Amino acid sequence: MRTSYLLLFILCLVLCDMDSGDTFLTGLGHRSDHYNCVKGGGQCLYSACPIYTKVQGTCYGGKAKCCK
């Protein structure tokens, strides 16, 4: 019986925090911008993109460019 109360308590804590929008549930399935860049064939650079490449997005939270 105590374990069911504990599970219910944990569930309430998770669901009560959902109004802020920053729970761990919103991060499920979310990939970092660096991962998406490299998986798409690009590379993350802090400097300008090399010749014959274009900026396709950002990396590291907008601090670098994804060049492809």
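Cβ atoms are placed via backbone N, Cα and C, with glycine included.
As written in Swiss-Prot, here are the features:
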DISULFID  Cys37-Cys66  disulfide bond
DISULFID  Cys44-Cys59  disulfide bond
DISULFID  Cys49-Cys67  disulfide bond
SIGNAL    1-21  signal peptide
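Feature annotations (Swiss-Prot) mapped to structure.
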residue	record	CB count, 10 Å
Cys37	disulfide bond	24
Cys44	disulfide bond	17
Cys49	disulfide bond	16
Cys59	disulfide bond	23
Cys66	disulfide bond	24
Cys67	disulfide bond	20
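Across the fold, the C-alpha of Cys59 (disulfide bond) and the C-alpha of Cys66 (disulfide bond) stand 6 Å from each other.
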